[in-house]
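To keep things clear, I will list the structure first and then write my remarks on it.
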Amino acid sequence: MAELLLGVNIDHIATLRNARGTAYPDPVQAAFIAEQAGADGITVHLREDRRHITDRDVRILRQTLDTRMNLEMAVTEEMLAIAVETKPHFCCLVPEKRQEVTTEGGLDVAGQRDKMRDACKRLADAGIQVSLFIDADEEQIKACGRGWRTVYRDPHRLLC
C-alpha cells in the first residue's frame, strides 16, 4: 500500500483574514504550524478574484515552506505565468466560476483537450507535477490519459 501523506489546505485561514480586513490570521503562519504538526504538504488555491490566497501568500510560501506546495489554479494565462514563475511542486488545474463559493464540479478536459494539453506541457516543462480536477465521468477520465488526476465526487450522489 502506498504511503499516505497529509496535505493541509490553508485557504480558509486567508478567507478569515480577508473578511476581517486585517493582516491576521496569517495563512503563511498557519502553514508553518501545519508543517510543525507533521503536514507533508500545503495546498493553496490562487483564484482569479483573489478571494482568499494572494499572490504575496503564494510567493512567500514557495520561498519558505520546508514541505511540498500544491497550487490549485484555473487554466488561464495569468495563472500559468504565476505558476511557471513560482514553481510550486504540484499544480492542480481546477475550473473556476466566480459565483461558486467552492469548486462544484470538474474541468471539461474532453471538450478542451488542446488547451489542457498545452497547459500541462507548459507546467511540466517548468518542472511542476500536474493534476487535473475532473468529474467522475468515464469520458473525462479517458481524456486525461495517463498521469495525475483528482476526481470530484458530488457528496449528494454518494451511496453508502
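Cβ atoms here come from the backbone N, Cα and C positions, even for glycine.
Summarising the annotation, TrEMBL assigns 3-amino-2-oxopropyl phosphate binding site to Asn9, Arg20. The Cβ neighbour count for Asn9 (3-amino-2-oxopropyl phosphate binding site), using a 10 Å radius and every protein chain shown, is 15.
A sphere of 10 angstroms centred on the C-beta of His12 (1-deoxy-D-xylulose 5-phosphate binding site) encloses 13 other C-beta atoms. Per TrEMBL, 1-deoxy-D-xylulose 5-phosphate binding site is recorded for Asp11, His12, Arg47, His52, Thr102.
Among the features that TrEMBL reports, active site, proton acceptor is placed at His45 (among others). In sequence order, Asn9, Asp11, His52, Ile53, Leu71, Glu72, Met73, Val94 are the residues of the chain that are 6 or more apart from His45 (active site, proton acceptor) and have a CB within less than 8 Å of its CB.
Annotation comment: TrEMBL describes Glu72 (among others) as active site, proton acceptor.
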